[in-house]
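For reference, TrEMBL has these:
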- 12-31: transmembrane segment (TRANSMEM)
- 43-64: transmembrane segment (TRANSMEM)
- 71-95: transmembrane segment (TRANSMEM)
- 101-121: transmembrane segment (TRANSMEM)
- 221-245: transmembrane segment (TRANSMEM)
- 257-277: transmembrane segment (TRANSMEM)
- 284-308: transmembrane segment (TRANSMEM)
- 314-332: transmembrane segment (TRANSMEM)
- 339-358: transmembrane segment (TRANSMEM)
- 364-384: transmembrane segment (TRANSMEM)
Amino acid sequence: MTTLYSNMIMGTVGGLVMYFLGGFILLHVVKIEPDLIHETQQAYPWMAAMLPFGMLGGVLIGALESRERFLAANALGTVGNIISQILPLVCAWLITPALTIVIPAILLSRVVFIVSGFVLVAQKEKGLRIQDFSTEWLRKLFGYGSWVSISAFLNPILDSLNQIVIGAMLNAAAVAKYSVPMTLAIRSQVAATALARTLFPRLSRATHEEAVDTTQKSVGTLAYGFAVVCGPAILFSSTFLHFWIGEKFAVESGAVAEILLFGAWTNGVAFIPYNFLQAQGRPHVTAVVGMIEILPFLFVLWVFIHFFGLPGAAVAWTLRVTINAFVLLSLSHCVTRKMFHLIPVIVMMSGSLLLALFVPMAPLIAIGTSFVAFLTFLLAALLLDPVFKGILRRKFGL
């Protein structure tokens, strides 16, 4: 309840600030069509009211995940998203498609989500009382949360600096040519993100030795399992862009996609030691690493874009996330002899990238090569990672 109340207070304060500054923001900061200004001003108080409910939703999902109730958390999040999409559409259709109708409908869907989430959490957390509040826990939360907030603030900045610098050094068209493969690379990390979130509560309760062992096994399984996707994707990405968008776009962005997919693989692996450090009460480490990375990354990014254009930007990002993965693994005390079994998959992924970059392939050849790569990576995962093999045996009876 301490976390719930503290987020409620911060969200309310933030909502009040938004409410009182709304007029100035709408008139002097945000560019809005003149015929929409009046309607937006009327809907703005409803927008401000959504902020505290948004913060409470994260607390409730986190409470369920901390107890490893992932099915309940996913069900709650999915139902909440469906309601927040359907209810405004229904209201706009039945009443009128105006912001003064749609925004309150979204707020109502948030309220339904929060009430449902609280009831669900109360059922899972026996003995939960509304009057429970601890100043001691509040101090601990702010101490821990401040470092986590810094990391959460830095991560999107580091990921978006590429587009900002590309736009400044090249042009807006170059940003689009980079953003499409970057989006594909980021979307490919869904499984890595899910695994990291799943491990967090278990790592937070484990001893240091147990957490290190779990992290090492998880890194190995993710490295091999994610490579089964990323390795073939590197070889197929140019062909995919050719059929999806066009030959010209594939020529200009194919190499970018290939390099970024390799970076997505190393970055996905880095999610595990990143969560290990935060789960083991060392969030300051991830925050400090992120702060140290910014200036060197900017310099390397500028140099690589200047000399190599868009592929240079992709190399700069991939280089940063790869070094970041090694640093986080080292700071997690996970770089031991147990990790030597990752050498084959690192070599295979590097080979896939070099093959894609330097050996031109016709579409049919690329498809065939990608399929062979898929089988090769899958076989390597089965032979070299016992955890991956055990998972497939349980799921598919292999």
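Just so you know, glycine gets a Cβ as well, placed from its N, Cα and C.
Keep in mind that TrEMBL annotations are predicted by a computer and have not been checked by a curator.
Under 8 Å from some Cβ of the transmembrane segment (221-245) lie the Cβ atoms of residues 180-181, 184, 188, 191-192, 195, 253-255, 257-258, 261-262, 264-265, 268-269, 271-272, 342, 345-346, 348-349, 352-353, 355-356, 361, 363, 366-367, 369-371, 373-374, 376-378, 380-381, 384-385, 387-388, 391, all in the same chain and six or more residues away from its ends.
Same-chain neighbours of the transmembrane segment (71-95): 57, 60-61, 64-65, 101-103, 105-106, 108-110, 112-113, 116-117, 120, 124, counting only residues six or more beyond its ends whose CB sits under 8 Å from a CB of the stretch. Long-range neighbours of the transmembrane segment (364-384) within the same chain, counting only residues 6 or more positions beyond its ends whose Cβ lies under 8 Å from a Cβ of the stretch, are 224-225, 227-228, 231-233, 235-236, 238-239, 341, 344-345, 348, 352, 355, 392, 398. Long-range contacts of the transmembrane segment (339-358) within its own chain (CB-CB distance under 8 A, at least 6 residues past either end) are made by residues 216, 219-220, 223-224, 227, 230-232, 234-235, 237-238, 255, 258-259, 262, 265, 329, 369, 373, 376-377, 380-381, 384-385.
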